[in-house]
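See below for the structure under consideration.
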Amino acid sequence: MSSSFDPFDQNVVFHKADGTPFNVSIHDLDEFVQYGIRVCINYAAQLGATVIAIVMLALLTQSDKRRTPVFFLNTSALTMNFARLLCMTIYFTTGFNSTYAFFSLDYSRVPGSAYADSILGIAFATILVICMEMSLVIQTQVVCATLSEIQRRLLLVVSILIALLAIGFRMGLMVENCIAIMNASNFRPFIWLQSASNIAITISTCFFSAVFVTKLGYALVTRRRLGMTRFGAMQVMFIMSFQTMVIPAIFSIIQYPIPLYEMNSNVFTLVAIFLPLSSLWAAAATKHSFETLTSGPHQYLWSSERSNSTSSATGHQGSLCQNQSTIRSGGSVATSLSPDQLDRLYTGLDFDACAKA
């Protein structure tokens with residue numbers, strides 16, 4: 001045996017159906033196994049997070065909110081994401097992922113169910129993108145409802161164009177990918193289409209979230225001028241919108257230098273989860289009075305601490321009502337701030353209490 005022989009870098013000989021031998025290195029076999037393990041761990045983590053998000057959305061959403069289009073789209077997006085991840089995980093148990101079929105490119109013994117599973121995974125991903133884009137367009141119009149009619153119409157046109165761009169590339173990718181799967185052919189000539197689809201979805205996510213952050217950030221500045229400085233639903237929406245923009249964009253960029261970890265799959269899951277979570281957190285902040293007239297600047301653990309803050313809360317209520325009266329009566333503050341600049345999504349203010357005071 002030669003001293004230069006490396007047992008960890010030897011080849012394994014396989015034979016094709018016609019008896020033609022071909023070599024596969026142990027390194028390639030290890031990469032094949034490790035890739036499947038890494039991707040399945042990634043998909044399993046996303047699958048678990050999606051299930052938790054679906055349960056939270058079903059349990060924490062108020063009954064009257066379950067009839068809204070946004071709730072339907074967000075729930076559909078999470079459901080499609082669950083189905084997509086399930087199909088993509090099942091792929092690693094089909095004949096496509098068998099060692100001999102993978103290295104010999106002989107898929108003659110792959111059953112039809114494996115083809116159906118792969119095509120369903122692609123279709124579910126496309127439906128997921130459609131639900132996400134529609135939800136983003138609707139939520140953008142809701143958040144920017146206080147803008148002028150011309151601004152809202154212009155924003156709607158731009159939003160629809162960007163959403164259609166992402167959906168169009170994704171549908172084109174779906175068609176070519178399904179054709180390649182049915183023919184068991186190499187998809188490498190259409191890698192550019194996959195990259196274009198990823199870029200379009202990244203641009204769409206960044207655009208919509210930038211609109212959210214800009215509008216909600218301006219609303220926070222407006223409320224600070226009115227003396228509303230405590231943590232509430234608007235702050236939650238601002239944080240979650242910024243998070244929805246940055247984290248998926250980071251994963252979209254990482255997928256190029258690190259393609260083996262399926263970073264593109266994480267982008268869909270993150271957006272699908274963050275969209276309903278932001279509204280749930282904001283609703284919880286309003287329901288539990290993070291920024292209401294009867295609560296203090298902070299949440300307290302003990303009743304004695306809460307009783308000590310009663311006087312400060314009363315003073316804040318008076319000043320808040322005074323600010324609202326100034327706006328309604330056309331005082332000096334109303335010259336720069338109008339009632340319609342108070343975002344309609346923010347429901348933590350009790351205007352009836354102000355009127356009674």
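Cβ coordinates come from backbone N, Cα and C, glycine included.
Keep in mind that TrEMBL annotations are predicted by a computer and have not been checked by a curator.
Note that the structure is a prediction, hence the values are computed from the model and not measured.
Feature annotations, reproduced from TrEMBL:
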- 35-59: transmembrane segment (TRANSMEM)
- 71-92: transmembrane segment (TRANSMEM)
- 112-132: transmembrane segment (TRANSMEM)
- 153-175: transmembrane segment (TRANSMEM)
- 195-221: transmembrane segment (TRANSMEM)
- 233-254: transmembrane segment (TRANSMEM)
- 266-285: transmembrane segment (TRANSMEM)
Need a quick answer: max count of Cβ pairs under 8 Å to the transmembrane segment (195-221), which of 35-59, 71-92, 112-132, 153-175 is it?
153-175
Please figure out which one of 35-59, 112-132, 153-175 racks up the most CB pairs under 8 Å against the transmembrane segment (71-92).
112-132
Can you tell me which parts of the same chain pack against the transmembrane segment (35-59), counting only residues 6+ beyond its ends and a CB-CB cutoff under 8 A?
71, 74-75, 78-79, 81-82, 85-86, 88-89, 92, 97, 260-262, 265-266, 269, 272-273, 276-277, 280
